[in-house]
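A short write-up of the structure that comes next.
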Amino acid sequence: MNTMSHKFVLALDEGTTSARAILFDSDLNIVNIGQYEFPQHYPQPGYVEHDPEEIWEAQMLAVKKAISKIDAKQIVAIGITNQRETTVLWDAKSGKPVYNAIVWQDRRTSPITDWLKANYFKMIKDKTGLVPDPYFSASKIKWILDNVSNVREKAERGEIKFGTIDTYLIWRLTNGKAHVTDYSNASRTMLFNINKLEWDREILELLKIPESILPEVKPSSEIYGYSEALGNLIPISGDAGDQQAALFGQVAFNVGEIKATYGTGSFILMNIGNNPIRSENLLTTIAWGLEKNKAKYALEGSIFITGAAVQWFRDGLRAIDVSDEIEPLASSVEDNGGVYFVPAFVGLGAPYWDPYARGLIIGITRGTTKAHIARAILESMAYQTRDVIEVMQKESSISINSLKVDGGAAKDNLLMQFQADIIGIKVIRPKVMETTSMGVAMLAGLGVGLWNSLEELRSIWKVDKEFIPSMSEEKRRALYSGWKEAVKRAMGWAKVVGGQV
């Protein structure tokens, strides 16, 4: 094939354990993929860090592999998507990080966020759409400023830059010329006012974070700068947090369109349009912004354990040798045999938010086999997804007609059919499952005019399979009511027995 006439978009997908680079053509087909892992560092219990230099090296190796079969001059745009919230501070002159990146999973800043929760919960939720938690960037920045020698002094003098990983990579790719982020990543820092679309001075003053260290916030599709890292000048023109990029990559451009990504845990995002909706049990976040001072918003629910339960079935119970064996095993029985599995290994996330819940298998009889447990594990992913979607519908008053899916478990036909059955809506699986990278490739291509409209992108996007609900309402109600009873029994367990939280 003569590729010289082709135009390509390069998506950099910087995750929690690996850096990936995916090359897309103008029809959004995947041309090549590069992926390199990098280590996580655990200096103390509850601490999770990355070396930013290792991230950069892994990312550039992934790029080299992804573009190995083409001429870099054919790349018309670069897009960046990233693990959200992870925090880097670096020296503005030398570009060297002043401390390791503090990862989103890190819990060291719990005392700071406990104080915020006790005293400023409503103010922070109203302004940022988030709840005070170590998960978000704000307390991580404060920790570095307070605990790393001379950093606060340098920050006060304007000599320190902060960024989430997208910002750090754009800075490196442009040789320090661009210190920017997009609306979606800014909305995960707990410092960004999602109503006014600007850094919030009240929160910055509360945490004593100088505004000078923060990047400029721009739309998710715009030329931020140019990179010479591949030998010629290429515009960097797309930027979005990983879950928001996946929503865009699922062409969920309309209000009420929703996607679920099934990974170790699951993330469910729903497009709620031009106005943020206040939610009791979910996060309100910015989905993306395609113009200055305009944003699309989303409700987000995070489920802590979905795919990780399959890993536990494989490694903890040694019930299967490889993860792919769970679907045929679960398919070997007609139903769950009355068995429910609540995967509350680390508590329950949305919409329960119970850190004291613990894992539970209930309904076991003498006739229960490992196939029934396998089925109950798969079904738990679908039940938890319904839990979140029900709250989304209730709190937004938006009706949901279908669910778009991606991530590892979305390849499982048994699970996807059960997902459609238990919610009672159509489940749609796309042809290209790399929706996070595809989403930011779309944003980058829009930013340079490779594609001209959302309608054009929607017409290119292809469906692999649709799963239509076939379960009776009576059966659906009975199964879901059993799940809710099982969850009740799992909640608060660590408090009752004094187990470790």
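Every residue, even glycine, has its Cβ placed from backbone N, Cα and C.
Annotated glycerol-binding residues in Swiss-Prot are ARG84, GLU85, ASP242, GLN243, and among TYR36, TYR42, TYR135 the one listed with them is TYR135.
Going through GLY95, GLY163, GLY176, GLY408 against Swiss-Prot, the one listed in the ATP site together with THR16, THR17, SER18, THR264, GLY307, GLN311 turns out to be GLY408. Of the listed binding-site residues GLN243, THR264, GLN311, the Cβ environment within 10 Å is emptiest of other Cβ atoms at GLN311.
Taken residue by residue with DSSP, GLU85 (sn-glycerol 3-phosphate binding site) is part of neither helix nor strand, so it is coil.
Those residues noted as binding ATP (THR16, THR17, SER18, THR264, GLY307, GLN311, GLY408) have their most widely separated CA atoms at a distance of 19 Å. When the binding-site residues THR16, THR17, SER18 are compared by the number of other C-beta atoms lying within 10 angstroms of their own C-beta, THR17 comes out lowest. Around ASP242 (sn-glycerol 3-phosphate binding site), the same-chain residues at least 6 positions away in sequence with a Cβ under 8 Å from its Cβ are ASP13, GLY15, THR81, ASN82, GLN83, ARG84, THR436. On the backbone, the CA of TYR135 (sn-glycerol 3-phosphate binding site) and the CA of THR16 (ATP binding site) stand 13 Å apart.
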